[in-house]
């Protein structure tokens, strides 16, 4: 196995383990907070995290752009340029850390205005917020820039392992402190301690592996412009999703209070955790698609595009059916009926999930075709439109109004306009209207399968554990049988089967070759 394949395998394994830990342990911590302190404390945690994500938008794209600019000097062993880039990285990250701290302090007087209703009596929101702010700001110091070297040298597995170990230590200590002291301040103060520890640990490893690469020197104007351009493109892509998730939580806090945001964050946490794993499907074939776009005919790529969409809709549709059936019994078992939304809200979360999934393959081909800059205005318009609709619909219909705001902007500006860009600039001779019609067909099929599975599940009565077990059993088999019948009507079905067999065969051959 060559070094690139070996590094790739290590990165994938370490990344998956890291995601599992970052989903499982915070879930346990959330549970402890709810049962020991109450939902309001969880709401504060979600709110402050959302505020700081908005303040943190200044970083979007810079880290990725600087790492991207390191790939060529790493390949050419140009250590002088690597030192210069690292110096730029260090300087920019320190400026961002200071900027986040200043902006956060300026926002402090307005904290009470964005929290509706009561706040826990034993909590000073300003002290709590300052601890969260310090944690975010300090993450840009203490050798944070050194992490870029490990990524550029294809050793992100080291960072994943460090982050996994830190996450385990953080969550275990927080849970122990909560159980012993019942004091939320102890829980929060653990964050900055382990953030500093993570940066120091990663910096030590980087310095030990690459002792002759230190931040010194400067880069020329051409490199500066290249970094700026790449930063703009990445920043615009990330702006929409980051602002969408964060602003939704802030608006919920303003209109409905801390308990509402705690309930919302529980539902959102489960949905986005599933999507994180689902996204590994398109992410794992990113290089294959990029190579195909560069070397194959447009017709071949369009057929692959249709095949991938059908496969991905089957997988994500199955996940959506599982969410629809399992959300409520799981929530009842986990947090109780008092911290649950009605079924109508669950349907909106499922629709939200489907729209997220629909956009994944579009984004895959948009990036592969180099069209990220063509959609620069779309993401800005979507972020602004989502914020405006959040206030308008959230004011009248609460959480469901805010979910509708996100769904509408995602459907029209995210998936719709994003799909139009791919068809207008890449699949130029293909019908965008036919593509949209097919997406609607997929959504309708997922809706029909969800309804049939749900109706059958309601025939079984019993306690919550029994109903949850029945729903799990139904979800494993029934939706896939129905999808097998219904998806066969599409002409892409046979191509999808052929495409899937090809991927499996290539993976098997590569595995044998590496061994």
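For all residues, glycine too, the Cβ spot is worked out from N, Cα and C.
Since the structure is predicted, the reported quantities are computational estimates derived from the model, not experimental observations.
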- Given 227-245, 246-264, 265-283, which one carries TrEMBL's transmembrane segment label? 246-264
- What else in the chain is close to the transmembrane segment (246-264), if you only count residues 6 or more beyond its ends and a Cβ gap under 8 Å? 34, 39-40, 42-44, 46-47, 49-51, 53-54, 113-119, 339-341, 386-387, 390-391, 394-395, 398-399, 402, 405-406
- Mark yes when the transmembrane segment (466-487) and the transmembrane segment (339-365) have three or more Cβ pairs under 8 Å (sequence separation 6 or more) and no when they do not. no
